[in-house]
Amino acid sequence: MASFVYAFVALVLGLVVGSFANVLIYRIPRRISILRPGSFCPDCKAPLTANEKIPVLSYLTLGGKCAHCGKRISPRYPIIELVNALGWLGVFAVEGFTFPGVVGCILFTGLLVAAATDLTEGVIPNKLCLGLGIFGLAASFYPFGLEPLESLLGALVGGGLLLIFALLGRLVFKREAMGGGDLKLLAASGAFLGWKLVLVAAFIAVVAGALYGAVYKLVTKKETLPFGPFLAAGVMAAYLAGDAILAWYLFL
């Protein structure tokens, strides 16, 4: 019974915070305050009522359309809310309702926002990376397994590692292999992971991105592919299972 209650709480909190993640995804790249004005329709700018801001349910009851202007609402909104809810459920399932669990959930939401803005806007906001990095460093002062020095080293190694990959990519392919936002995101994530696990995260992201990118290029004939989603996936994999992945690798 207790497990069911915990799962329900994780899902509800994840949905609510996922709704706020949508605010960040839309407003940060457009330099709109995340506090004012209140939620509004992106098309007609009409303010939303409380009944129109219920995660997922409002989208379904409104038929995916704005109640004021009738324009179609992007399905991104319920998708982000659901993904965030499931992500929070997964983090709490692994870490439990502990401090690392709370930190992991905040990291997940931050990475989700970064991945979504990279996909939709082609940019990973500096403010988001800075906020994540500061939170990761601050969290390391709480005794949950990562020392402040290790957190700082993780940030430095994360940013430096992708900088090396970026320079190599420019040298080999004669073009930008990854953007500055990618470097800053992995640096910020390194503050949560430490220097060992940030290497695991980078490895997973690069391999997954390269494999998917090869197929993507064959199918679409396009050269560029946002790297943010792969970074986000690699970081969360390292946060939740990095020690097990390292142990498996060293056992080989």
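Cβ from N, Cα, C; glycine included.
All annotation found in TrEMBL is predicted automatically rather than curated by experts.
Over the domain 'Prepilin peptidase A24 N-terminal' (12-92) the predicted model carries a mean pLDDT of 93. Sequence annotations record features per position, and here TrEMBL assigns domain 'Prepilin peptidase A24 N-terminal' to 12-92.
Per TrEMBL, the feature domain 'Prepilin type IV endopeptidase peptidase' maps to 105-213.
As annotated by TrEMBL, transmembrane segment applies to 6-26 (among others).
Same-chain residues lying 6+ beyond the ends of the transmembrane segment (77-93) with a Cβ under 8 Å from its Cβ atoms: 6-7, 10-15, 17-19, 21-22, 25, 55-56, 59-60, 101, 104-105, 108-109, 112, 116, 236, 240. Marked as transmembrane segment by TrEMBL: 77-93 (among others).
Annotated transmembrane segment per TrEMBL: 99-116 (among others), in sequence order.
TrEMBL lists 128-146 (among others) with the feature transmembrane segment.
If you look up TrEMBL, you'll see 152-173 (among others) marked as transmembrane segment.
Marked as transmembrane segment by TrEMBL: 185-215 (among others). Outside the transmembrane segment (185-215) by six or more residues, the chain places 103, 107, 110-111, 114, 124, 129-130, 132-133, 135-137, 139-140, 146, 150-159, 161-162, 165, 225, 227-228, 230-235, 237-239, 242-243, 245-246 with a CB less than 8 A from a CB of the stretch.
The transmembrane segment annotation in TrEMBL covers 227-251 (among others). Proximity of distant same-chain residues to the transmembrane segment (227-251), defined by a Cβ-Cβ separation under 8 Å and at least 6 residues beyond the stretch ends, is recorded for 87, 90-91, 94-95, 104, 107-108, 111-112, 114-115, 117-119, 124, 178-179, 181-182, 185-186, 189, 192-193, 196-198, 200-206, 208-209, 212.
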